[in-house]
């Protein structure tokens, strides 16, 4: 099957099924057209996933479709944006119709779940790679940035951390124990916190989605805001049913796609009940630089924040 047959038989129907009001023109022309509502800012981000780097070889294509879109949309959630549409640049080693159809089924499921439309893209031959650019909108001036954290703000996360990292040892197991199913779901089917991000607009002082691990991603907030923080080790949520991730996995594992947010302490009780209950307060912003972890025995540890995963780092 050729490029244009793939587009016509698989991707154009996907665009029709997932069409959103803000997309005036989807696939089939030189460009897509998106209308930004009056009083809103356009928010956009791009993510690339490469086989062997971001997902294992021979990875299930339906799972890949869901995961690729979820990872991209998670950046919009961190900004408090409403997702609208995305484009997909897909590089394939060969035009395997069954494989692409399974990928599209995963994209379709995620598109409908997240309320985001396929607006266009490109297909070419090469090593398996997906590049997704996602577009969203946010009320003017209300995008949640990394740079707004202030001393005294609370540090909170939207759910347990470390599950995706803990799942890695089970990815190749054909019959993993049922107890690790919640961990595997964290890796295969991350769910971007769109509604939570939306409802934190005007409340959170800073936010980021956790892709590289809590320490690295909170480190981005601290650097952008010119502040430091301390965390309580015992407060970091790590339990998934009867399974539990390690503290190391929660701090450094990544691929969680929960949100890490900072907010003034008086704002917490003012949030809707379901939002405040979903937030786990794990620490506080301080004026002194550095990210410190307070252990239950009283020991205090300076955490390595770094800059997250570096694709070009040499040993």
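For all residues, glycine too, the Cβ spot is worked out from N, Cα and C.
Here TrEMBL has 30, 75 binding Mg(2+) 3, and the candidate from 195, 209, 212, 217 in that same listed site is 209. Shown for the domain 'PurM-like C-terminal' (150-290): DSSP residue counts in helix, strand and coil, namely 58 helix, 29 strand, 54 coil. You'll find the Cα of residue 54 (substrate binding site) roughly 12 Å from the Cα of residue 212 (Mg(2+) 5 binding site). Close to residue 255 (substrate binding site), meaning Cα to Cα within 10 A, are the following binding-site residues out of 75, 146, 212: 212. For residue 255 (substrate binding site), other Cβ atoms within 10 Å of its Cβ number 21. The two recorded residues residue 146 (ATP binding site) and residue 209 (Mg(2+) 3 binding site) have their Cα atoms spaced 10 Å from each other. Separation of the C-alpha atoms of residue 30 (Mg(2+) 3 binding site) and residue 122 (Mg(2+) 1 binding site): 11 Å, rounded to the nearest whole number.
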